[in-house]
Amino acid sequence: MVRIIPMAASSIRPSLACFSDSPRFPISLLSRNLSRTLHVPQSQLFGLTSHKLLRRSVNCLGVAESGKAAQATTQDDLLTWVKNDKRRMLHVVYRVGDMDRTIKFYTECLGMKLLRKRDIPEEKYTNAFLGYGPEDSHFVIELTYNYGVDKYDIGAGFGHFGIAVDDVAKTVELVKAKGGKVSREPGPVKGGKTVIAFIEDPDGYKFELLERGPTPEPLCQVMLRVGDLDRAIKFYEKAFGMELLRTRDNPEYKYTIAMMGYGPEDKFPVLELTYNYGVTEYDKGNAYAQIAIGTDDVYKTAEAIKLFGGKITREPGPLPGISTKITACLDPDGWKSVFVDNIDFLKELE
């Protein structure tokens, strides 16, 4: 950006930025000559008449303003594109210590279906996809088992997953019967009427059970803790194109939540951001991995993420071997997300 030096009221002073690229006017030489010949008019020092100096300064101002306008246009264009992009939360990825045990718990206690499973022996890991409907239209779970690793640190930053069920009490009884852990018995949420309960899976991941009627997305929430809620909301609105659905402050318990997503909570999965008063950083552990989101253009997505404060950890482009285009990033709190090309994602499922 061109730097504009303010003009003095008593004289016309050209910006040194206008001359700094010219070998004829190195700044050190100008300073030395100025000190030796202060009695010479400035217009003669630079070999320019006053009206030419004025025109040069005005041109510099014009360049700066044009640059600002172009930047503003780029921001506006990207904001509009992000808002119009066809985005959907595809799956949430995390690591488990015993794949078979976890699949058994999710299918028998939580009513999920095993959608597909793949083993990658050359890279020593296995993936399993579970959920309440096909991957091309539902938010699902992607479990990762790394050979020989049976335990992970969940950390303090990850909160819980949310699952909508018809009858919370009945689900809790089933969890107990299967040897699962219940960390909060069924009952109304504090300050509200919705019946909830909290359970833990065999690896210690927490699940909030929410009593709701029939919903197209039973796997309905991912809760993450953030150190600056306003910053996080702005980032997810601008860079991810999410909508702020609602906020709720709980001064009695010293925390605030914000629900972000691509549609209403009762029909779409949401990201629940939680801010605990006075806590600005969290240990994220090594268990929770990321959320995957569909996009029509991973390249433009990466541009928007960079522009609005995110960090790209994998530049946009195809994955080796399968040609699926992705880009990966960190939000301002360090939570990872991966954007996947919509068409490529559907091809993977064929």
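Note: Cβ is positioned from N, Cα and C throughout, glycine not excepted.
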In Swiss-Prot, substrate binding by Asn146, His160 extends, among Arg95, Arg101, Arg212, to Arg95
Quick one: pull the CA-CA distance for His160 (Zn(2+) binding site) versus Arg95 (substrate binding site), whole Å only.
14
Which residues, sitting 6 or more apart from Asn146 (substrate binding site) on the same chain, put a CB under 8 Å from its CB?
Arg95, Lys124, Tyr125
Along the domain 'VOC 2' (218-342), what average pLDDT does this model show?
98
Tertiary neighbours of His91 (Zn(2+) binding site) (same chain, Cβ under 8 Å, six or more apart)
Phe129, Gly131, Glu135, Phe139, Val140, Ile141, Glu142, Ile291, Ala292
